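Colleague: Structure provided below as C-alpha cells; questions to follow.
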Amino acid sequence: MPRYKLTIEYDGGPFCGWQYQTNGPSVQGALEAAVKAICGDDVRVHGAGRTDAGVHALAQVAHCDIARHFMPDRLRDGLNAHLRPHPIGVLEAEIVPDSFEARFSARRRHYIYRIANRRANLAIDVGRVWRVPRPLDTEAMHAAAQRLLGKHDFTTFRDTECQAKSPEKTLDQLDVIRNGDNVSIITSARSYLHSQVRSMVGSLVWVGHGRWNADDLSGALAARRREACGPVAPPDGLYLARVDYEGSIPLRQDR
C-alpha cells in the first residue's frame with residue numbers, strides 16, 4: 001500500500017482547526033472526505049502540525065496510505081477537484097517510504113505571524129493578519145525576542161489545556177522584521193507547546209508598545225506561570241510556513 005506525502009495550504013478561518021472535530025469543519029476532515037471521494041475508502045490523513053481554529057498554512061505536510069496506486073500529479077489534481085469550495089489547496093503529492101511520518105519525522109517547523117501595524121482598517125487581509133493600530137518598536141521587540149532562544153521551560157507561554165508531557169522546548173529562531181506597515185514574526189523550532197507562538201507574539205507586542213522591556217519578558221519566562229504571560233495574539237495572523245525533514249534545504253531569513 002503506497003504512502004503519500006501531501007503539501008497543503010489553507011485558509012484556517014472557516015475551520016475549527018486541523019484536527020477532526022465533531023462540533024465543526026476541520027481541515028483534516030475535508031481532506032479525508034476528498035480522499036474517500038477518489039478511492040472509496042476511509043483513509044486517515046496525518047498532519048505535521050495540529051493548527052488551531054483560524055490558523056493558516058502555507059505548506060502544511062500530511063501523509064496517508066491509499067490502497068490504490070495513483071500517479072502523484074493525478075492524486076494532487078483529484079484532491080483539489082474534490083476539495084472545492086473549501087479554501088484548501090494541495091500543492092504537491094509524492095510517494096514516500098513507509099517509514100515517513102508527517103509529524104514524527106519532522107526536524108523543524110517554521111511559523112510566521114503577520115501584523116498590520118497601521119491605523120487604517122483592513123480591507124484585503126481581514127482574517128489573515130492582526131491589525132495593531134498603535135506604533136510598534138520592532139527593534140525592541142526583536143532584541144527582547146532573543147531572550148527566548150534556546151532550551152527553556154515555556155510554561156508561561158503554554159495554554160492551560162496543553163497536553164504535552166513536558167513544558168521544555170528549544171526555540172531556534174525568533175525574529176521580528178518590519179517592512180513598512182507590515183511586521184513579520186518568524187520562528188523556528190522542532191516542536192511547540194499549545195498556543196506557544198501566539199503567546200510569545202502577544203507578549204512581544206507589549207514590548208513593542210513599551211509596556212514591557214526585555215527584562216520583563218525574561219522575567220515572564222522565568223516565572224513559569226501562565227498568569228505571567230502577556231496577551232495571546234489572535235489566530236488570524238499565524239501561518240504554518242514550512243516543515244523541514246531530513247534532507248530539506250535550510251530556510252534562510254535575512255533581517
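Numbers here mean position along the shown chain, with the first residue as 1.
Glycine is no exception: its Cβ is also placed from the backbone N, Cα and C atoms.
Since the structure is predicted, the reported quantities are computational estimates derived from the model, not experimental observations.
Reproduced below are the annotations present in Swiss-Prot:
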ACT_SITE  Asp52  active site, nucleophile
BINDING   Tyr111  substrate binding site
Colleague: Return only the integer: C-alpha distance in Å from the residue listed as 'substrate binding site' to the residue listed as 'active site, nucleophile'.
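Modeller: Between the Cα atoms of the residue listed as 'substrate binding site' and the residue listed as 'active site, nucleophile', the distance comes to 13 Å.
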Colleague: Give me the long-range Cβ neighbours of Asp52 (active site, nucleophile): same chain, 6+ apart, Cβ under 8 Å, in sequence order.
Modeller: Gly12, Gly17, His194, Ser195, Pro235
Colleague: I'd like the number of other C-beta atoms within 10 A of the C-beta of Tyr111 (substrate binding site), please.
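Modeller: Step by step: centre on the Cβ of Tyr111 (substrate binding site), count other Cβ atoms within 10 Å, giving 26.
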